[in-house]
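Here the structure comes first, spelled out in structure tokens, and everything after it is commentary.
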Amino acid sequence: MEAADYEVLSVREQLFHERVRECIISTLLFAALYILCHIFLTRFKKPAEFTTVDDEDATVNKIALELCTFTLAVALGAVLLLPFSIISNEVLLSLPRNYYIQWLNGSLIHGLWNLVFLFSNLSLIFLMPFAYFFTESEGFAGSRKGVLGRVYETVVMLMLLTLLVLGMVWVASAIVDNNKASRESLYDFWEYYLPYLYSCISFLGVLLLLVCTPLGLARMFSVTGKLLVKPRLLEDLEEQLYCSAFEEAALTRRICNPTSCWLPLDMELLHRQVLALQTQRVLLEKRRKASAWQRNLGYPLAMLCLLVLTGLSVLIVAIHILELLIDEAAMPRGMQGASLGQVSFSKLGSFGAVIQVVLIFYLMVSSVVGFYSSPLFRSLRPRWHDTAMTQIIGNCVCLLVLSSALPVFSRTLGLTRFDLLGDFGRFNWLGNFYIVFLYNAAFAGLTTLCLVKTFTAAVRAELIRAFGLDRLPLPVSGFPRASRKTQHQ
């Protein structure tokens, strides 16, 4: 063999080893996410559904739980996708020739983006509908009972659902873009249909983030205030402990003397209320024993951090709106090749990249808080060891829709300059200037409105409580005052 043949073989062998290394790294990362999500879901599942007398139902629920674990792992991977890419670029930029980070390259990052896109499609279109139909199926009439009969019924229902969705997307594409080429492209299931369908789902996820994130940013202050110990000026723990003990004693007397009241009593409800009050009293005792540093320094610092992060997010979006009007390069776009380690995606360098990562995580947490705080999705909120299997499936689907739209959401708002990789950058609506501009303006306006309303109401309530004005017998503005004739009577 000639030297050229040996060179070609060495290049092919090197590419083979790189692909194997990327597969091993991707498998290890996904296995770690899968284990974390499995531990998380087992804390919320209802144990009665997995220890039933009927082994068939328990087996079905276990299979559905594994599918939900896979979906939640994909959702967590979608959340970590953009921050991991930004940090990898800064690491390669700072240490370009380090031997120990040779495994971190553009090919690995691009492969992770493609895997998240593929698994998101797989979970949303096939796995989660299969898990739901599988838990609700009972087998065809006249067939033998068992898990296999449920699988047959689930597969048939999933095929019918796939045909229905395929027809709806085909009709929608024909209405939106009345072009023969666009209609014929939908016949290619893999190259055009799945990305087009995922583009619609991602657009719905981005709209859901637009509604939930401003609400969550406003709710983060109250949620953090419940988790931390407030200063004594803003909170009277002794009074709360006294009220909790008084209510618990009253409920205990009602349970011990159920015949003393002529109204019918729900003993199970009373027992749950007593347990809730006991849990609340234990938490109040822990908060009362908090140190002065936690009480007087932790709460103000946490509120200040939330205010800075929220204000910084709104400021970045406002600057991005101005950039959209001036520079066409500010529009979100896709990037086919991941050229990492060449230039920083932040004007502040590594410090700006860290700020971008923190803001992305902060907005994701805020969107989840706003999602579960909204009246429409409040019933989906999971409960500790008391969440039904269908509710777990619904939560996994919603979290996957939110998390898979996070990279597009972050790039559309200008939180980062990192362009979208793979099929994430193939969404047609990303190139529409009016959609992107109106989305940024709506986010800035809704966030500012929610913050002003919530912050002013919270400050007013805290000041009233601090000065003791809430204990005064002040007239309620919602009721009309009595007339002079009534007062004289």
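Using the three backbone atoms N, Cα and C, a Cβ is placed for every residue, glycine included.
Per TrEMBL, these features apply:
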| type | residues | note |
| --- | --- | --- |
| TRANSMEM | 24-42 | transmembrane segment |
| TRANSMEM | 63-87 | transmembrane segment |
| TRANSMEM | 107-134 | transmembrane segment |
| TRANSMEM | 155-176 | transmembrane segment |
| TRANSMEM | 196-218 | transmembrane segment |
| TRANSMEM | 297-322 | transmembrane segment |
| TRANSMEM | 353-372 | transmembrane segment |
| TRANSMEM | 392-409 | transmembrane segment |
| TRANSMEM | 429-452 | transmembrane segment |
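Relative to the transmembrane segment (297-322), the listed stretch 429-452 leads the set 24-42, 107-134, 196-218, 353-372, 429-452 in CB pairs under 8 A. Ranked by Cβ pairs under 8 Å to the transmembrane segment (429-452), the stretches 24-42, 63-87, 107-134, 196-218, 392-409 are led by 196-218. Between the transmembrane segment (107-134) and the transmembrane segment (392-409) there are at least 3 Cβ pairs closer than 8 Å, counting only pairs 6 or more residues apart in sequence, which means the two stretches are in contact. Against the transmembrane segment (392-409), stretch 63-87 has more CB pairs under 8 A than any other of 63-87, 196-218, 353-372. Note: the stretches the transmembrane segment (353-372) and the transmembrane segment (63-87) are in contact (3+ CB pairs below 8 A, sequence gap of 6 or more).
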